[in-house]
């Protein structure tokens, strides 16, 4: 009886848009989790006959298996992109925990990368934390135009956050990566996670653009739409480059959970600052 009541209250607390976003995010995790393994196989195959990605090479661009993994990831990201149009980033991003379980399990089976007890414990803690966030995800404010999102992005608090992220990213790329990129996983993952938080905010804006445009309010006429598009392109290319380096240099079972935790943390911080969401009710 108590379980039925709890389930009913959870559904009442989740709007229909949030539930759509939840389903899209879950399907996204399956594709993204599998894509890590396929891309890793492609990187290893390309590295055997050319310069490895971890050493600055791009021979993987000529490897069909890497492109299969990339296409799988794109499918997952499209589902993820759609999820941001319906649900808050604070709800969508933590659901990436499922992709960790998938990639860690497949890495253990296919890539023969051993998953130790602490790795298993870490995956379990990620899922527990994500579930807690999802169950208490706040309702998001209604956005009526891309200009409104732009105004939120132009507020001093978020501009300060964005400036700090860009500064830290440049320091990592030009100072720490040449020195520690091959030995310290946090350097590559740090770049991906920091830039990723800006990617998510811009993707969220584009998701709103598509949602409003399809409902009859054309948002493509606003220059802010194309500014967010440019940010997404630059950030995604940067993330892809350094994530490939991380996957080529370190074990997938290690890269995936660390990337997830850091990426989720920065995304939640960015969401709280930009959209002024709160877990306190």
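Including glycine, each Cβ sits where the backbone N, Cα and C put it.
Range with TrEMBL annotation transmembrane segment, chosen from 46-64, 65-83, is 65-83. Across the candidate stretches 65-83, 185-214, 226-243, 258-279, the maximum count of CB pairs under 8 A to the transmembrane segment (158-179) is reached by 185-214.
When Cβ-Cβ distances below 8 Å are used as the criterion, the transmembrane segment (65-83) is approached by residues 20-22, 24-25, 27-32, 34-43, 45-46, 92, 99, 203, 206-207 of the same chain, each at least six residues removed from its ends. At the 8 Å Cβ threshold, with sequence separation of at least 6, the transmembrane segment (258-279) lacks contact with the transmembrane segment (21-38), having fewer than 3 such pairs.
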